[in-house]
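**Student:** My structure is below; once you've seen it, I'll send some questions.
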Amino acid sequence: MEKANQSVVSEFIFRGLCNSRELQTFLFLPFSILYLMTIAGNLLVVSLIIADPHLHSPMYFLLANLSFVDFCLSSVTTPKLTIDFLKNNKTISFGGCMSQILCVHIFAGGEMVLLVTMAYDRYVAICKPLRYCSIMNRQKCILLVSISWIIGFVHAISQLAMILELPFCGPRIVDSFFCDIPLVIKLACMDTHTLGILINADSGALATSCFILLLVSYTYILVTVRLHSKDGASKALSTCTSHITVVVLFFGPCIFIYLWPLSITWVDKFLAVFYTVITPLLNPAIYTLRNKEIKNAIKRLINQHVDPRDNF
């Protein structure tokens with residue numbers, strides 16, 4: 001009985017994004033460039049915020065953490081995806097698959113909570129500006145970021161615990177480019193319909209609660225500021241546009257994958273690429289292009305290297 005409960009599948013095979021060998025070879029360069037841009041963009045944001053004293057504030061501390069999470073999330077799946085474009089046999093070990101599941105859910109779950117924390121930061125800054133420094137002090141910021149990591153870790157462990165002991169003894173082809181739980185549990189040698197509902201409910205509960213908190217936060221910001229000034233709503237909207245854009249880009253695919261599963265292969269793959277490859281690239285671009293302080297920090301960095309006299 002003990003052996004029957006153990007997995008006999010030692011590795012899984014990814015089907016990848018497409019079946020065409022020529023198209024896969026063509027996609028290698030674009031995805032390599034996208035990944036390098038993601039790494040460069042997110043590490044640039046983190047480095048600027050650490051190095052520039054003008055950016056040592058709660059908002060930018062949270063932004064640096066968001067960029068670091070995006071860097072980690074992209075690095076879990078994109079390098080493997082890119083290398084597999086050049087391979088005929090796209091395999092991953094059982095342990096590697098479970099590790100990929102764990103890391104994806106740690107970083108994705110942590111990012112959801114971190115986005116809520118950033119919304120709370122904007123609420124305090126806009127609705128309670130006189131108390132902002134006392135409320136969003138250093139200890140509070142570290143605590144909020146720590147909570148996001150803890151929730152992400154607990155969420156990932158709960159997901160992994162539900163599938164780790166499943167018997168995998170037959171089919172081993174995952175119709176994707178990474179180990180996504182809904183696809184992996186389909187390969188188990190047992191009926192996983194109820195388990196699939198539980199797993200989706202677990203992810204759905206976290207995603208839905210975070211999304212509702214975000215909607216409530218930004219709605220309250222706009223309503224509160226509108227009551228105090230005529231053009232207050234537009235100013236608040238301008239301040240929060242970057243945050244709202246990132247929220248939509250991140251939660252949109254998650255809602256479709258976990259809360260409203262379409263079971264259409266090409267749609268699932270597109271959404272998976274979007275939130276693991278595209279979104280981590282867009283986040284630093286959105287904040288950099290729309291944020292004057294970040295752009296000024298880049299200019300100061302460039303001027304410092306162009307004119308060595310600025311160091312004296």
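Backbone N, Cα and C define each Cβ position, glycine as well.
Here's the feature list from TrEMBL:
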- 27-51: transmembrane segment (TRANSMEM)
- 41-287: domain 'G-protein coupled receptors family 1 profile' (DOMAIN)
- 58-78: transmembrane segment (TRANSMEM)
- 98-120: transmembrane segment (TRANSMEM)
- 141-164: transmembrane segment (TRANSMEM)
- 204-223: transmembrane segment (TRANSMEM)
- 244-264: transmembrane segment (TRANSMEM)
- 270-289: transmembrane segment (TRANSMEM)
**Student:** Does the structure show the transmembrane segment (98-120) and the transmembrane segment (204-223) touching, where I'm treating 3 or more Cβ pairs under 8 angstroms (sequence separation 6 or more) as a contact?
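**Tutor:** The transmembrane segment (204-223) and the transmembrane segment (98-120): touching, yes.
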**Student:** Need a quick answer: max count of Cβ pairs under 8 Å to the transmembrane segment (58-78), which of 27-51, 204-223, 270-289 is it?
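**Tutor:** Stretch with the highest Cβ contact count: 27-51.
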**Student:** Can you name the far-off residues of the same chain, 6+ from the ends of the transmembrane segment (204-223), with a Cβ under 8 Å from a Cβ of it?
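**Tutor:** Same-chain residues near the transmembrane segment (204-223) but 6 or more away: 109, 112-113, 115-116, 119-120, 122-123, 126-127, 151, 155, 233, 236-237, 240, 243-244, 247, 251, 254-255, 258-259.
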**Student:** If we skip the immediate neighbours and take only residues 6+ beyond the ends of the transmembrane segment (27-51), which ones have a Cβ under 8 Å from one of its Cβ atoms?
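**Tutor:** For the transmembrane segment (27-51), the sequence-distant neighbours (Cβ-Cβ under 8 Å, at least 6 residues beyond its ends) are 17-18, 60-61, 63-64, 67-68, 70-71, 74-75, 78-79, 81-82, 85-86, 277-278, 280-281, 283-285, 287-288, 294, 297-298, 301.
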**Student:** Could you give the mean pLDDT over the domain 'G-protein coupled receptors family 1 profile' (41-287), rounded to a whole number?
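**Tutor:** Mean pLDDT, the domain 'G-protein coupled receptors family 1 profile' (41-287): 86.
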